[in-house]
Amino acid sequence: MRVGQLLRFRSTTLRSSTAKQEYVPHHKPAVEDDIKRLEDFLLSKPNVLVLTGAGISTESGIPDYRSEGVGLYARSNHKPVQHMEFVKSSAVRKRYWARNFVGWPKFSATQPNATHHALARFEREERVQAVVTQNVDRLHTKAGSRNVVEVHGSGYVVKCLSCEYRIDRHEFQSILASLNPAFKDAPDMIRPDGDVEIPLEYIENFRIPECTQCGGDLKPEIVFFGDSVPRPRVDQIAGMVYNSEGLLVLGSSLLVFSGYRVVLQTKDLKLPVAIVNIGETRADHLADIKISAKCGDVIPKLFDFRNAKNAS
């Protein structure tokens, strides 16, 4: 590679890395003693369950909602859609799908970061039992984790509200594109802060297909705010907690009860809980280990010495 090409490559890589970190809240460096303490915890409990939240994906460039200064609540006027609003209002559905359509190419192209890859490795090495994630971005699966339970569903599947019809989100994107040719300039509607700004007339004219089986309304297979996690999924996670030796929470404030409930179930069984998260969480008072640091500064460094020794 010529010098000019190398400099441009390094510059592009640096800009990409900086852009991914813009959604990560201010934080202090990880302490080596904390990393060693967490490593000892995992060595003593090889059947630990991992619970991940939005803070694990901010390092891939996906903003969370609540982080001070960098979350969506702080950066834009975007608020999460409420389940009943989506179900009852065609205007809300049009606004949601128009925004989702514009943002989908960037969202679906997001790649897992070092923490996702480390957790996939830990699963292969039988250091952790499974991953329960509050995220809908499929980044754990992209990284190679196999035993993943998506608490709030996935943005990669679209379902009918009235029957069992399902369709892949990529295929649904093509259908939306064919129905809405005016959105050919959609990428230009993404603002620098990551929010989407769509002219009102575009939203009013946005066309959404009906379910091909029953004519019902379609939504992502995501548990929206105000909706409940399906009972079979709740029971499945409870069973995983029961069969574990403890819980490792990564990148979650645990303010949403579906995540906090997993911690409560763990403590009810008198099992240990370790938390790695920038800032306070709802369960700090229940944690046996709490590390206030960025997940990417901690998790990928675990077992590094042993891996290097084994490789040699």
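Using N, Cα and C of the backbone, Cβ positions are placed for all residues, glycine too.
Since this is a predicted model, take the numbers as computed values, not measurements.
Annotated features in TrEMBL:
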type: ACT_SITE; residues: HIS152; note: active site, proton acceptor
type: BINDING; residues: 53-73, 134-137, 251-253, 277-279, CYS295; note: NAD(+) binding site
type: BINDING; residues: CYS160, CYS163, CYS211, CYS214; note: Zn(2+) binding site
type: DOMAIN; residues: 28-312; note: domain 'Deacetylase sirtuin-type'
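The structure, with features from TrEMBL marked on it.
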residue: ASP137; record: NAD(+) binding site; contacts (Cβ under 8 Å, 6+ apart): SER57, SER60, ILE62, PHE107, THR110, GLY155
residue: HIS152; record: active site, proton acceptor; contacts (Cβ under 8 Å, 6+ apart): GLN134, ASN135, VAL136, ILE222, VAL223, VAL229, SER258
residue: CYS160; record: Zn(2+) binding site; contacts (Cβ under 8 Å, 6+ apart): ARG166, CYS211, GLN213, CYS214, GLY216, ASP217, LEU218
residue: CYS163; record: Zn(2+) binding site; contacts (Cβ under 8 Å, 6+ apart): CYS211, GLN213, CYS214, GLY216
residue: ASN277; record: NAD(+) binding site; contacts (Cβ under 8 Å, 6+ apart): GLY53, GLY55, VAL249, LEU250, GLY251, SER252, SER253, ILE291, SER292, CYS295
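Of all Cβ atoms in the protein chains displayed, 18 besides its own lie within 10 Å of the Cβ of CYS211 (Zn(2+) binding site). Within 10 Å of the C-beta of GLY53 (NAD(+) binding site) there are 24 other C-beta atoms, taking all protein chains into account. Other than the site residues CYS160, CYS163, CYS211, CYS214, same-chain residues with C-beta atoms no more than 8 angstroms from the centre of those residues' C-beta atoms, the Zn(2+) site, are LEU161, SER162, GLU164, TYR165, THR212, GLN213, GLY215, GLY216, LEU218. Fewest other C-beta atoms within 10 angstroms, among the binding-site residues SER57, GLY61, CYS214, are seen around CYS214.
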